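See below for the structure under consideration.
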Amino acid sequence: MAKTLSKPASGALAPWLGISLIVILFDQLSKIAILKTFAYGAQHALTSFFNLVLVYNRGAAFGFLSTASGWQRWAFTALGIGATLVICYLLRRHGQQRLFSLSLALILGGALGNVIDRLLYGHVIDFLDFHLGGWHFPAFNLADSAITVGAVLLIYDELRRVRGTR
């Protein structure tokens, strides 16, 4: 009797979760380094347009809802966990779609990196500060960067898919 190896049609989940784990590790290690090196609000200019600075974000992207009474910590944590469940489902179903899955893996790693901050500290640790003259882009972290790159790749993948079906 011949043995057949069944390969799931959905593709493997492990490689994508591995990418998410790498994002989480780099994100958390960078935040630990900043916490050990900087006092809150301290900044170190690396170039004429880029500083490292330690700030806490109790809200969402760009400080949205950061001045709310505290409920946002749990709301954004729940949102991150919900996004994790949806992304894991999508990765199981579409793991063979490389660009789509890579984008989701980056978003997942970034979302979980920020969820970990909210659970451990009650806020997200941000430290990358780009500026021009007196204008500063809101500080962010590696998790935010992974989410942004993942979102851009997701949009690119969808545009490519739509154009391919015309």
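Easy rule for this one: first residue shown is 1, then count along the chain.
Here the Cβ of each residue, glycine as well, is placed from N, Cα and C on the backbone.
Predicted, not measured: the structure shown is a model, and the values here were computed from it.
Annotated features, as they stand in Swiss-Prot:
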- ASP126: active site (ACT_SITE)
- ASP144: active site (ACT_SITE)
- 9-29: transmembrane segment (TRANSMEM)
- 45-65: transmembrane segment (TRANSMEM)
- 71-91: transmembrane segment (TRANSMEM)
- 99-119: transmembrane segment (TRANSMEM)
- 135-155: transmembrane segment (TRANSMEM)
Residues from the same chain, set at least six apart from the ends of the transmembrane segment (9-29), whose C-beta lies under 8 A from its own: 88, 91-97, 101-102, 104-106, 108-110, 112-113, 116, 141-143, 146
Distance, ASP126 (active site) to ASP144 (active site) (CA atoms, angstrom): 9
Neighbouring C-beta atoms (10 Å sphere around the C-beta of ASP144 (active site)): 22
